[in-house]
Ligand code: AMP
């Protein structure tokens, strides 16, 4: 029997999200999340998608190892256990792959050491990802574990886009450059957009707007990323739910010298108390729209600042790409917030982009066009699917390796 299942693990600092997929057709067999790991009242929600009802329990889950064991037990109850011969591999989301990892990679001791070496540039994410990798390896040492990096899709950026204009020696010494994030989503959505247009990814230029609680834009030329809005960390670029995106770096010196704030306080301010939440107290676009409808000026201004930044990036990526075939909206805000799409594209008619209000108002699950039929630039809503992309890349790599071994 050829194993066809892939378990996708997304290990965060206090949570593990997972999905089990069947790669014959990309269908989901089960999905779930363990939250508040290491806290007294951890919670596991498990949804078997082919059999049975969703299950949930709260209790103490001490660490990631205990969390993964709990996940394995839940899967086993549905006959989908980690010991199943049908499991081909485990695909792990790893946030930072630096310049070293340009592709999905089968994890061995050397790869783990490299991911560990990148902790200084991804102090929040890579340690949790590593714990997930090590734990899964210990549970199934014989199974290929594949790391799929959030930065990998962006490693095709030319140096002119990837470098900051700061002293080269200092930058190189501290590995300071623009890495970009959400790469799995940008890769998936840019390809799915080409498919929606009935064209090959190599033949289209796409601006992808991943607008979730975190948000980033990318310019994709012929399937390869040539620029993206996040940089050394996911703080740069667009206005996000709680992150400021671009600010003059001198704001930081000012807050230190004049505001008397510490480095950690400023870090928290810009990452957790800024963006939409900093501007109006809410980071959920639904709530912001509701407040705007009630005449709330603060919510209106937050929305306007969000849209203004978005427009600047769309304009910049038109200039970077030269010709644009499509603009694709994705993630929680991009897929659901029609007013954001309408406002972001408003006034771009001279650049060939427009939104048809009736199409924009349609709520649907799949990829769809929202631009008028005669528009030069297609505007699309393309739901992202990072788990499917991680599973696809994992399965392709494992398949390639096993063919190499068997000589097929
Ligand atoms: P994500 O990080 O992709 O899960 O996106 C989460 C964000 O999507 C939330 O913080 C909301 O701002 C936004 N969102 C989700 N559903 C809707 C909706 N129906 N309308 C507007 N915004 C939404």
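Cβ coordinates come from backbone N, Cα and C, glycine included.
Sequence-distant contacts of residue 10 (Mg(2+) binding site), defined as residues of its own chain at least six apart whose C-beta falls under 8 angstroms from its C-beta, comprise 16, 17, 18, 92, 93, 132, 386, 387. Here TrEMBL flags 10, 386 as Mg(2+) binding site.
Residues within less than 8 Å, Cβ to Cβ, of residue 284 (ATP binding site) and separated from it by at least 6 positions along the same chain comprise 241. Annotation comment: TrEMBL describes 17, 210, 211, 212, 213, 214, 284, 285, 286, 332, 333, 334, 335, 336 as ATP binding site.
What TrEMBL lists as substrate binding site is 93.
TrEMBL lists 150 with the feature active site, proton donor/acceptor. Note on residue 150 (active site, proton donor/acceptor): other Cβ atoms within 10 Å of its Cβ, all shown chains, come to 25.
The feature site 'Transition state stabilizer' is assigned by TrEMBL to 182 (among others). Around residue 182 (site 'Transition state stabilizer'), taking its Cβ as the centre, 29 other Cβ atoms fall within 10 Å, counting all chains.
Taking Cβ-Cβ distances under 8 Å and a sequence separation of 6 or more, the neighbours of residue 243 (site 'Transition state stabilizer') in its chain are 214, 234, 235, 270, 271, 272, 274, 275. Marked as site 'Transition state stabilizer' by TrEMBL: 243 (among others).
If you compare every pair of Cα atoms in 17, 210, 211, 212, 213, 214, 284, 285, 286, 332, 333, 334, 335, 336, the residues listed for ATP, the longest distance is 24 angstrom.
Within 10 Å of the C-beta of residue 333 (ATP binding site) there are 26 other C-beta atoms, taking all protein chains into account. Cβ-based neighbour count (10 Å, all protein chains) for residue 17 (ATP binding site) stands at 19. On its own chain, residue 335 (ATP binding site) has 329, 381, 383, 384 as residues at least 6 apart in sequence with a Cβ closer than 8 Å to its own Cβ.
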